[in-house]
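Below is one structure, written out as structure tokens; the observations come after it.
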Amino acid sequence: MVQVNTFYLQKESELKVRLRSLIDKEKVILSRQGRPGSCSSINSLKEAFRQFEQDLSKLQASILRVMFTITPMSNSIVPQPRFPFLWSSAVLTNPRQYTRFIVASQKFVETNGTGFRKILKKWDKRSKSGTKELYLSRQVELQPCFNQDVMVELVDNAAYHILQLETIQQGNSRSSSAPSSPITTKPSQPLSTGVLSSPMQQQMDELETDLFNALTTNQLSLVQEILERRLAAPSAIQNNSVSVESSANNNTASNNQLGLENAREVVSRVFWRCCSETNTSDSAIQLLVKTGLVNFKFVDDISDRTCLHEAAMVGRLSLLMLGVEHGVSPECTDVYGRRPLHYVSMYGHADCATYLLSMNASMSATDHDGFRPLIYSIMSGHTKCVEIFLANNAEIEASQEGDPIPLSLACHYGHEDIAMMLIGRGANVIACNADGLEPLHITCREGHTRLAKTLTKRGARLDQEDKYMCWTPLFYAVSEGHAECVKILLEAGCNVNVVDELGKTPIYYAASEGHAD
């Protein structure tokens with residue numbers, strides 16, 4: 001229990017610091033907003049708050065995972081340093097479900113606390129002692145992982161700030177109140193989107209918006225006009241014959257000209273934003289590049305992403321190559337520890353994966369969730385990307401205990417073609433994941449019939465018990481009502497009379513769940 005709480009408190013502290021940082025960045029962004037929704041940083045900040053919500057939920061999942069194995073007066077639990085895969089995978093599909101999961105997890109913790117009390121009450125009756133009250137007061141009720149108030153307030157505050165940002169983007173007025181929190185999240189003065197840090201900042205925001213809109217609609221003549229009249233003549237900048245300032249003095253719209261550093265900041269940010277816009281043509285991008293003002297190593301101050309990350313998400317190979325040619329490292333990491341290859345794998349851009357690997361991008365690098373690029377490809381079912389990684393000798397087993405196992409993931413999601421590729425490469429068909437489940441357990445639980453048949457022919461253990469309940473694959477198949485998987489296991493010769501830790505047989509669970517077939 002001591003180790004569980006140490007882990008919990010460390011993560012809780014990190015999340016509090018992170019929330020403070022996000023709120024500070026929100027204040028800065030809102031103070032410089034000239035027009036609601038005109039600053040692209042709002043999208044990055046919303047994403048950061050959503051990721052914060054997800055990480056809160058993953059912390060809850062990690063604690064719950066450990067709590068399943070805790071018994072009274074036991075201090076033998078060592079929490080895993082990484083979050084369980086099945087919770088993290090949902091990040092890619094439905095971030096909002098994590099908030100609902102928090103509520104469910106709180107109920108579980110309350111139930112777990114009640115369980116301690118009942119167990120100890122029985123102990124006291126048998127031993128005629130006062131163990132219950134002493135243990136509850138000294139061991140259970142004082143444990144941080146039994147007190148969910150802080151986590152609830154953190155979730156509430158993250159949700160509040162997401163709503164604030166969405167309201168601003170829609171051009172609505174902001175709410176004047178915020179939920180209370182152990183972290184001071186409510187500003188002493190209401191933030192106003194109409195307050196500008198300076199006329200220059202307003203000019204930069206307007207220029208960024210106008211230039212970005214012209215680029216994304218491929219109005220090349222308008223882009224050229226903005227660059228020449230509101231920044232400086234591109235040819236003059238390229239040839240270094242005159243500075244932006246001197247060019248501005250010769251321009252009829254001199255009051256609209258920016259200094260060189262401000263111009264570079266605007267153009268670099270617009271280029272960064274366009275890297276993730278699939279409707280912006282390469283010709284339009286080249287107009288920006290020709291100004292000589294693009295800082296290819298520009299990094300977003302919220303997400304820590306470079307142009308390579310943005311291009312990788314949408315599979316813009318030409319921009320990936322352009323960024324690398326101008327000195328951006330394929331190994332750069334964002335705030336989540338992800339490299340461009342992670343995003344290429346996540347979204348299934350095989351041509352981009354091939355290019356990044358040719359630039360010596362690492363296939364073994366893990367993000368903050370402990371996931372390698374191969375893992376994301378398997379989770380999303382991107383067969384071509386998996387094939388490319390395997391052709392480049394990607395590691396197909398977990399590098400350390402607790403890491404996600406590629407074959408187990410393929411079995412979980414039912415990607416038979418990927419599973420066959422992994423098995424063909426020699427993947428271990430009896431490797432246990434962090435939950436003590438082998439690939440056949442997972443396949444039968446999920447009801448993937450063809451995969452189950454393949455595994456039984458490839459050496460999977462039919463009667464292997466899992467780690468916690470002593471369930472064989474047959475238990476999982478019958479409890480979930482997967483009749484075809486049951487038939488496959490029976491034909492392969494599994495033991496139908498095996499019992500679990502409660503002394504129950506598979507037929508008991510089939511009957512109790514109402515699976516007559």
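In case you wondered, yes, glycine gets a Cβ from its N, Cα and C as well.
The compositional bias 'Low complexity' feature in TrEMBL is assigned to 173-188.
What TrEMBL records for 189-200 is compositional bias 'Polar residues'.
Summarising the annotation, TrEMBL assigns domain 'SPX' to 1-137.
Feature annotation from TrEMBL assigns region 'Disordered' to 171-200.
The repeat 'ANK' annotation in TrEMBL covers 336-368 (among others). Below 8 angstroms of C-beta separation, residues 51, 92, 306, 308-309, 311-317, 320-321, 324, 330, 374-377, 380, 382, 384-385, 388-389, 392, 394-395, 399 of the same chain, each at least six residues beyond the ends of the repeat 'ANK' (336-368), sit close to that stretch.
Long-range neighbours of the repeat 'ANK' (369-401) within the same chain, counting only residues 6 or more positions beyond its ends whose Cβ lies under 8 Å from a Cβ of the stretch, are 58, 82-83, 88-89, 92, 336-337, 339, 341-342, 344-350, 353-354, 357, 363, 407, 409-410, 413, 415, 417-418, 421-422, 425-428, 431, 433-434. Look at TrEMBL and you will find 369-401 (among others) tagged as repeat 'ANK'.
TrEMBL lists 435-467 (among others) with the feature repeat 'ANK'. Proximity of distant same-chain residues to the repeat 'ANK' (435-467), defined by a Cβ-Cβ separation under 8 Å and at least 6 residues beyond the stretch ends, is recorded for 84, 407-408, 411-414, 416, 419-420, 423, 429, 473-474, 476-477, 480, 482, 484-485, 488-489, 492-495, 498, 500.
The repeat 'ANK' annotation in TrEMBL covers 472-501 (among others). The predicted model assigns the repeat 'ANK' (472-501) a mean pLDDT of 95.
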